[in-house]
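Copied over from TrEMBL, here are the features:
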DOMAIN    36-427  domain 'Amino acid transporter transmembrane'
TRANSMEM  63-86  transmembrane segment
TRANSMEM  121-146  transmembrane segment
TRANSMEM  152-173  transmembrane segment
TRANSMEM  180-201  transmembrane segment
TRANSMEM  221-239  transmembrane segment
TRANSMEM  260-282  transmembrane segment
TRANSMEM  302-327  transmembrane segment
TRANSMEM  348-368  transmembrane segment
TRANSMEM  374-395  transmembrane segment
TRANSMEM  407-431  transmembrane segment
Amino acid sequence: MASSIDVDKENFQHHEERLGLESADDTAHQISHDPWYQVGFVLTTGVNSAYILGYAGSIMVPLGWVAGTTGLLLAAAISLYANVLLAQLHEVGGKRHIRYRDLAGHIYGRKMYALTWALQYVNLFMINTGFIILAGQALKAIYVLYRDDHVLKLPYCIAIAGIVCALFAFGIPHLSALRIWLGFSTILSLIYIVTAFVLSIKDGMNSPGRDYNIPGSHASKIFSTIGAVASLVFAYNTGMLPEIQATVKPPVIKNMEKALWFQFTIGVLPLYAVTFMGYWAYGSSTSTYLLTSVKGPVWVKTMANVAAFLQTVVALHIFASPMYEYLDTQYGPGKGSAFSIHNVGFRVMVRGGYLTINTLVAALLPFLGDFMSLTGALSTFPLTFVLANHMYVVARKNKLSPLRKAWHWLNVVAFSCLAATAAVAALRLIAVDSSTYNLFADL
């Protein structure tokens, strides 16, 4: 009997034949399967992951009220525009491109295929590393609520987080299989978002005047500002839009645009609420993990940190799925049920190895804000803004007016310069923190 994956692939190929599109490359994961609102929740889960507990400290503190607020709104508008461009390129040349590297390879050739895959791998690896740091911070915060003896250190918490993330990855074969977990993720997100928001209001109303001056020397302010700009674009973008779009039911472009509008309207409201309220309550002393700044009942803070930990496990799986898809398709058994012994064994070996490397790097360099800045600089800028605009020019060159071509080229040049500058600033931040703290630091 054919597996459910085989049936889905046959249905997808039949649909493409009716549309006159060539079949997509073989994949061990499900494609063309999910309604637009499920994809919208996937995107929103990524945006409202526990990373948002760090934006008050990593974005607002270096930028201040005016630049921080303007930057968040402007970055959202620019990100929506760039992602819509990328979504419209999903069907180019009579074929659906279910991976970012496949789209780049179709437009540019084999070398750009390899370069795009490398950029995306760096992007997803660093995001996953950051998620494990976040999960470790949540566990450490729970421990400190009950005991402050420094016995359970952050590297140990990060190791525990890595093990839990691996166990979850073994049981979820592909992105579409998340389904009910997206509902749990939304509930978990609401728990830590509402807790952080309410406790921040309480602390802000009961505390004396806050200091909103941007901290640091003149030179450090410059580099911190540049790093915060990279964090701005990191906040909204996945770097894996074609892979997410591959799961949506036809019409894929129209449905993906619906999901993107959902993400950038309703989906970003919790991010704004936590970021602005956290900065209002604590000013320039806001930490890069907001739940360590708030004051309140121990049981409430425990519940919020547990929710942040569990939601991070789900969110990491979303951002790791392109790597899992590649490994499963290229090297997996590819036959039988997803939960057969040999398929589960393959996931344990391969995904376990991948997450072990993530966990080791997270424990070595647990500087979350720096990772967000470097990820935005090295991969989010090039993938979301530079490549999206340039690919659109190349693919639609005969249909664009000179003014529109000039606009897209302006985006390419401007974001290339920003990416290079932000990378230098982020590397400097990591170097400074690495000289201040030892490896495997207990932050």
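Any Cβ shown, glycine's included, is placed from N, Cα and C.
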Residues from the same chain, set at least six apart from the ends of the transmembrane segment (407-431), whose C-beta lies under 8 A from its own: 82, 222-224, 226-227, 229-230, 365, 367, 369-370, 373-374, 376-378, 381-382, 385-386, 389-390, 392-393, 400
Surrounding residues of the transmembrane segment (302-327) on its own chain - C-beta under 8 Å, 6+ positions past either end: 27-29, 42, 45-46, 49-50, 53, 99-100, 120-121, 124-125, 127-128, 131-132, 134-135, 138-139, 141-142, 145, 161, 164-165, 168-169, 172, 174-175, 178, 181-182, 184-185, 188-189, 191-192, 195-196, 238, 240, 243, 291, 347, 350-351, 354-355
For the transmembrane segment (121-146): best-contacting stretch of 152-173, 180-201, 260-282, 348-368, 374-395, by Cβ pairs under 8 Å: 152-173
For the transmembrane segment (180-201): best-contacting stretch of 63-86, 152-173, 260-282, 348-368, 374-395, by Cβ pairs under 8 Å: 260-282
Distal contacts, the transmembrane segment (221-239) - CB-CB under 8 A, six or more residues away: 43, 46-47, 51-52, 55, 58-59, 62-63, 67-68, 71-72, 75-76, 78-80, 82-83, 100, 120, 123-124, 127, 214-215, 264, 268, 271, 318-319, 369-370, 372-377, 379-381, 383-385, 418, 421-422, 424-426, 428-429
Best-contacting stretch, by C-beta pairs under 8 Å, relative to the transmembrane segment (374-395) and drawn from 63-86, 152-173, 260-282: 63-86
